[in-house]
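Asks: I'd like to ask some things about the structure below.
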Amino acid sequence: MIEKIVLFLLEQQGMLASRIEKLGKQRAILQEQPDISGIAELREAYREVGVDLIKLLKFVDLNATGIRKILKKFDKRFGYRFTDYYVTSRSNHPYSQLQQVFKHVGVGAVVGALSRNLAELQERQGSYLSIYDQPSAALKDPIIDMINSSVDKLTRSTNFLRFLGQHALILDEESPSTAGEEEIEDQKYHFMSLMLNLVNTFLYMVNTYIIVPTADDYSVSLGAASTVCGVVIGSMAVAQIFSSVYFSAWSNKSYFKPLIFSSIVLFLGNVCYAIAYDMNSLTVLIAGRLLCGMGSARAVNRRYISDCVPARIRMQASAGFVSASALGMACGPALAGLLQWKFKIYMVTFNQATLPGWVMAVAWLFYLVWLSISFKEPNRATEVNDATQNPASGQRVDIGQLENGLAQPLLTDSENKQNGDEDEEIDDSEEASEDSRKPATSIGSAYRLLTPSVKVQLLIYFMLKYAMEILLSESSVITNHYFSWNTSAVAIFLAILGLTVLPVNAVVGTYISNMFEDRQLLMVSQITLLVGIIFSFKVTRTYSAVQYVASALITFVSAEVLEGVNLSLLSSVMSSRLSRGTYNGGLLSTEAGTLARVVADCTITAAGYLGVGKLLNITLLPSLVICATSIACTFLTYNSLF
């Protein structure tokens, strides 16, 4: 059906192109026999073509919702993500007619022809009028701006938010189909509570990376090797493997209590990290980082957005979650670079090693007070539980992320409205069994829902997180050994890397994702990441800062691009049963990424026993092998990535 309607759309674009061609012949005649009134009439004719194009674009935008409602009905009745299969199999296939729509070949040609001809006519008409009647500089015709706005509404204005939001793997769903459901969502939503969750995400990422520039010096000051920084940094990730599970389960009952617990544990963890210097205890230092990891409430933050934020702004909230994480990742090292003071109050030492702990302890204390005053626990009675609700009752069923408007299917307005009414009438006899729609209840049951394509995407996620953690965690040791960089230089370097996240995602999400298929971007970004890893190896007697910085940028940027595309594909190939519940897709990806960080940090410490001079090449070897393996696995499952 989609192909049939897309052909109709292309036919309409062809008719618009024919009209422009006929108008072009009239313009050629006017060039030979200039006529002011004729030029004005021709301009109006071109504008009419532009108005019709805008109507066609609005037609696409309006009826895309209609086709999603039809597919949503299939998903509800059969408990299967028919939407994902049907749409992606027709949108991502290289021979699909939809590709012509996605790339805007027809629309771009029509807009270009209209813009060029209107500009020439305006300039030509001005040559026959008084200078007082026509401005000296030709202005773009307003109709062109209207067309561009319509195109942006369909693609670029939403693609970046969607692409960025997919980094959080918060599986979006359709807007509520009834006013009552929308009212229920509004009752659960509280703006300040959402902000507190985003601030929690930001502070946690700052807490994670604020110690990276100084962890090696701190380890040395306690009598350990500089490469023990891998254990110090990674101990937070070790605890996060377990905390993600119990926080995800806790969020089934409450959001406020786990956030309070998280803030208290993080406060205590940072105090332990700071006082380890005066206690001269590496054990206390690692215990402090373990406590910080036990306070990781990212599962709660993600779950709050998924459950309590209305569907109409969930994409923006998801993008805010990712942006907060990215800013925290950049601000952490930058803040460490500023904390270069050294003083003592009573028996407590404040220096570049301990100040990150004290600063974060104060930050979490202030956050705890703000949270206690401003957070509003949503009314759990209004939430919809997929395992117990009957779809026939008229309440909304959380079916995971549906197709996000990538396809351009068309229905008439009346059909769309009729279909919306039909959504409320679902026959019980056509419902799938309860078991087919229940969320996974354990890690084992979640694992059994993983198809080969999903497993490959999780492997890719593991690989990119491993490569990034190796790069970031050993940066202070490597740069000090080869280039004698101080803490401030390392902090600036890491902050610059972190600041590339949002611009890179803006470019990819706004432009590049419109030009290529996700699976193409997946393969290219993996190959680029492999090139960055190979370029990072020390193969000559000298190792320059230029080589290190350039290879680090290639590796980090490639990994960022890969993460967005990887999670985009993961959300489309993952079972709908993994879109909700404790053991959801977000938790699985978090566990995969956290495990990668733990393995990477342990690799750094283990490789350190062979000497700092061999640290770089030894830690890059696993990255190289895992990256090559993921490329091979992607190639084997390439045809199934729709």
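Here the Cβ of each residue, glycine as well, is placed from N, Cα and C on the backbone.
So TrEMBL has the following annotated:
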{"type": "COMPBIAS", "residues": "421-433", "note": "compositional bias 'Acidic residues'"}
{"type": "DOMAIN", "residues": "1-88", "note": "domain 'SPX'"}
{"type": "REGION", "residues": "410-439", "note": "region 'Disordered'"}
{"type": "TRANSMEM", "residues": "194-212", "note": "transmembrane segment"}
{"type": "TRANSMEM", "residues": "224-247", "note": "transmembrane segment"}
{"type": "TRANSMEM", "residues": "259-276", "note": "transmembrane segment"}
{"type": "TRANSMEM", "residues": "321-343", "note": "transmembrane segment"}
{"type": "TRANSMEM", "residues": "355-373", "note": "transmembrane segment"}
{"type": "TRANSMEM", "residues": "488-509", "note": "transmembrane segment"}
{"type": "TRANSMEM", "residues": "521-539", "note": "transmembrane segment"}
{"type": "TRANSMEM", "residues": "615-638", "note": "transmembrane segment"}
Asks: So which of 259-276, 355-373, 488-509, 521-539, 615-638 is most in touch with the transmembrane segment (194-212), counting Cβ pairs under 8 Å?
Replies: 355-373
Asks: Have the transmembrane segment (321-343) and the transmembrane segment (355-373) got at least three CB pairs under 8 Å, pairs 6 or more apart in sequence?
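Replies: The answer is yes, given that the two segments have at least 3 Cβ pairs within the 8 Å cut-off.
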Asks: Would you report the average pLDDT that the model assigns to the domain 'SPX' (1-88)?
Replies: 73
